[in-house]
Each structure stands twice: as structure tokens, then as C-alpha cells.
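Have a look at the structure below, then the notes.
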């Protein structure tokens, strides 16, 4: 029986992690975000009502669960408070159940300005960021010039750090990117105005989790984006700016690796990608359009259409190795309903040689020609099915082949957006 579970996206994000974290949260006492920022969009459907969470962990929908934003997250005070107000307007108690690490790096207006100016300058060669300042905020962290949450409550320190970092960013904005400078006074005034609302939620999150675990509390560690967007292991440079793999939960939440008992990998029954970057199994035909339409494949944060393709088992195999995945959750199986034939990626041809795992780097992936295996589809509906035996025979065969190619058992199958539309083969927290 696992006490603590890490939930990771195994593809290029948008795998349906939010629903699964929300479903699992009823069995834990705490849910922790450990990387990313408000570029993540976790969509939950509960009793037919849609909720999108960007910063706040998906466990916030459960009254008895405490939610934590760990030090690995880059935090926009403005975005955080807006999200809190939206949830409170829906009747949720948020502030008494949310703890924010005092050492989270802040996202401030100059990060957004730099992010947008860079993408505009790159034109067609742009990475495809969300334009929310995530990358520049992580750059400041690594360059040791970041302002952090704790700095909001010591104005003298905040001012000194702000003047120094803004000298740098305004030079880049005006002299290199050809954009307007950002006003230090405006940044300072906005931050100081928001600080009092944030202060009651600020904690030493690492210690809070440690002490709760000593009392027997169970935790979910909620990943954002997906392993193939990891800044080290993804299709670099078409990646996000943080580590999205399971190992990042330890550093990004401030917990020891022995606290992580089980890794649940979330994957769609097909593959999607937002923005630029190589995508070996991408479909540019009617089938791809059908997957996008039926699957409602539009980004929950940006609204951008997602590119769609066949399930890529060789890419998933890379995620399995990177994350030490204990079991898989297959989402959006119902989107494949009605397709007469399916294709499943089992490897690639790279310079005439067969490879059974996604190569490293965007250039190498762009050269990879997918090796596809054809499987029969099914005409029956899988929407809302909650028992594995009631799935169509060919749907079960498809899932079995997915598990075989990836080398990991399937523990959960999602057959619809609502938390109850889930097939449980093995419960990650109950064995």
C-alpha cells in the first residue's frame, strides 16, 4: 500500500492529470505542486461543472485536503490571487487550506515582458511559450537574482533586489529585444499591494510536509506539463523551463526521495502536442482532425489547438525509464471510439536503424520516422464505462498492447472527463 504518489504526465502535457489527481485526492491528506507555474492548466469536471486550475493543486476541490505550492514552482502573485478569488466565488474555502513555500521564485511583470518580446523577435522560429513569464523567472532563479516570496514581506530587501534585477532586464528589453522598459515603481507598487493577501498562506512547506508525514499523512505530488517537455530530458529546445519528471518532486517540494512510494504515469490513448517541436506520430489528415474535434483538444490556459497523432509507445518508453513509472493511467480512451483501424507507434527508423525509444534532442527526433503497428478499432462506445470487462474486446486488446510495448502495467483507465468515469485495475493508494 503506497503512502505517497507522484502523478506525472508522460507525454507533452495535457494528458488529463488534473482529473486523476482530483480522483485520488479523496484518499490523501495533502496535494503538492512542485514545478511549473500558471502555464499549467488542469481541467476538472465534477458533476458536469468545469473548473480549470493553473497554480493551485487539484486537491483543493476536497474540503479535508491541504494543498501546498512547493519551492520548485515559480509564482505569480497576481495569478494566484485571481485563481483564489475565482474558487472562493464558487464557494470553496481556499486560504485556510493552501500553503505557499516562502522560497518560491516570483514571476513579476518584467518576466512577462521579456517572454513576450523574445517570442515576437523569434517570429516563425519561436518555441511557443505561453507568454506568462515562466522561462525568464526560472532563468533568474538559476542566475541567483530572483526575488522570492519571502522578499515580499521585507520591503527594503525587495527594493534592493528589484533595482538590481530590473537594470539587467530593462537593458535586455530595450537594447536587445527592442521593447519598452518596465517601471520599477509599478512593479513595486503592485507587489506590495498584493503581499498582505498572500502572507497568511506562506509557510516553510518542506517542514510542513515532513511533520504531516510523521503524523501518518498521505500525499499526492502533482506534476505539471509532461516528461517530454522536461528541460533536460525533453525534445530540447522545444521544452518547458523546469524539470517535469518524477525526481523533480523531491527537490521541488523539499522532501527526501524515500518519501515517494509510487509513480503514476498519465498518458492519453493517443498523442497530442501544443506549439512547436517535432512530433513523429503526428496526423495531418482527417483522423488527426477527428481526434482534435472529438477530444476537444484546445489548451486550457492558452486556448491554442493541440496537434494530434497516434499513440507513441516508443516515446512513452522514454518516460517510463525517466520516471520509474509504477503504473499507467490511460485517459481519453473514448476519443478512439468509432475508428475502424488504429495505429500504435512501436519505434522509429533513424538513419536506417530501428530504435525502440525516443532519441534525445529535437534534431534527432525530427529525423525519426515512426514504425507503426496496425490494430483493429471498435464501434462500441466506451464513454462512462467503469468495469474493464465491459470494454469492447478490441479496446481491451489495444490497452494490452500499449502495456506490452511500454513495459508497464495499466492501473487506471479514464473513459470520460468526470471523476467517476474511471476504471480501476489497481488503486495506487490502496494496492
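Glycine residues also receive a Cβ, built from the backbone N, Cα and C atoms like all the rest.
The Cβ of residue 16 (GTP binding site) lies under 8 Å from the Cβ of 266, 268, 329, 331, 332, 414, each of which sits 6+ residues away along the same chain. For the recorded site, residue 16 (GTP binding site), the DSSP three-state label reads coil. Annotated GTP binding site per Swiss-Prot: 13-19, 41-43, 306, 332-334, 414-416, in sequence order.
The secondary structure of residue 225 (IMP binding site), as reduced to three states from DSSP, is coil rather than helix or strand. All chains included, 29 other C-beta atoms sit within 10 angstroms of the C-beta of residue 225 (IMP binding site). Summarising the annotation, Swiss-Prot assigns IMP binding site to 14, 15, 16, 17, 39, 40, 41, 42, 130, 144, 225, 240, 304.
Annotation note: residue 41 (IMP binding site) sits in a coil segment as assigned by DSSP. All chains included, 18 other C-beta atoms sit within 10 angstroms of the C-beta of residue 41 (IMP binding site). Positions annotated as Mg(2+) binding site by Swiss-Prot, on the basis of sequence analysis: 14, 41.
Swiss-Prot lists 14 with the feature active site, proton acceptor, giving sequence analysis as the kind of evidence.
Per Swiss-Prot, the feature active site, proton donor maps to 42; the stated evidence is sequence analysis.
Residue 303 (substrate binding site) falls outside any helix or strand according to DSSP and counts as coil. Per Swiss-Prot, substrate binding site is recorded for 300, 301, 302, 303, 304, 305, 306, and the stated evidence type is sequence analysis.
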Binding-site residues clustered about residue 43 (GTP binding site) [Cα within 10 Å; pool: 14, 130, 225, 303, 304, 305]: 14
Sparsest-packed among the binding-site residues, when each Cβ's other Cβ atoms within 10 Å are tallied, from 39, 43, 130, 415: 43
Between residue 13 (GTP binding site) and residue 41 (IMP binding site): CA-CA distance (Å): 10
Most Cβ neighbours inside 10 Å, all chains, among the binding-site residues 19, 304, 306: 19
Among 303, 305, 306, 333, 415, which are recorded as binding-site residues, the nearest neighbour of residue 14 (IMP binding site) by Cα: 306
Residue 130 (IMP binding site) versus residue 305 (substrate binding site) - Cα distance in angstrom: 13
